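What TrEMBL says about this one:
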- 3-137: domain 'Nucleoside diphosphate kinase-like' (DOMAIN)
- K11, F59, R87, T93, R104, N114: ATP binding site (BINDING)
- H117: active site, pros-phosphohistidine intermediate (ACT_SITE)
Amino acid sequence: MATNRTFTMIKPDAVENGHIGGILNMITEGGFKIVSLKLTQLTVADAQKFYAVHSERPFYGELVAFMSRGPIVAAILEKDNAVEDFRTLIGATNPADAAEGTIRKKYAKSIGENAVHGSDSDENAAIEGAFHFAGREQF
Ligand code: ATP
Ligand code: MG
């Protein structure tokens, strides 16, 4: 079952700019079923932990401040080959490199403020989803 699920966040920039509906529409049109969904906000500590893998990178402080500055939409999504297919749907980290038809091509402004997160492995998808949603919130 885990291999059919991924985790996403609509990041603070996209929420601020009114793109929740547009992005959720691209997600469902892309064949993903919404298993869990909520508007929430990362604390600074949450964002530090979420992106701990980047803690030595020069942009880490900026990334943590960005991700905790306002509400996000957290969601668990289901589809065959979910992790890989969702990474394809969101496009490259830098929107300048993102393919036509991807979420980042349409909604991301910069490599730092790039509208949406997608898990990079089945293992991380399960960890990230479980951080935000109890079992009874997963449909
Ligand atoms: P995410 O993990 O958010 O889905 P990603 O997997 O495409 O993004 P990562 O390499 O994991 O990319 O980087 C995590 C996030 O850190 C990026 O989405 C972006 O917000 C930020 N980031 C990455 N590289 C840079 C950079 N060179 N300058 C500023 N911010 C960056
Ligand atoms: Mg990543």
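Cβ atoms are placed via backbone N, Cα and C, with glycine included.
Taking the features listed in TrEMBL, we show where each one sits on the structure.
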| residue | record | DSSP class |
| --- | --- | --- |
| K11 | ATP binding site | coil |
| F59 | ATP binding site | coil |
| R87 | ATP binding site | helix |
| T93 | ATP binding site | coil |
| R104 | ATP binding site | helix |
| N114 | ATP binding site | coil |
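The sparsest Cβ neighbourhood within 10 Å, among the listed recorded positions (K11, R87, R104, H117), is found at R87. Across the residues of the domain 'Nucleoside diphosphate kinase-like' (3-137), the predicted structure has a mean pLDDT of 97. In this structure the alpha carbons, written CA, of the residue listed as 'active site, pros-phosphohistidine intermediate' and R104 (ATP binding site) are 10 Å apart. Among the listed binding-site residues, namely T93, N114, the Cβ with the most fellow Cβ atoms inside 10 Å is that of N114. With helix defined as DSSP H, G or I and strand as E or B, the domain 'Nucleoside diphosphate kinase-like' (3-137) counts 66 helix, 24 strand, 45 coil. Spread of the ATP binding residues is 22 Å (greatest Cα-Cα distance among K11, F59, R87, T93, R104, N114). The 6 Å Cβ screen around ligand 1 retains F59, H117 from the recorded positions F59, R87, H117, ordered by sequence position.
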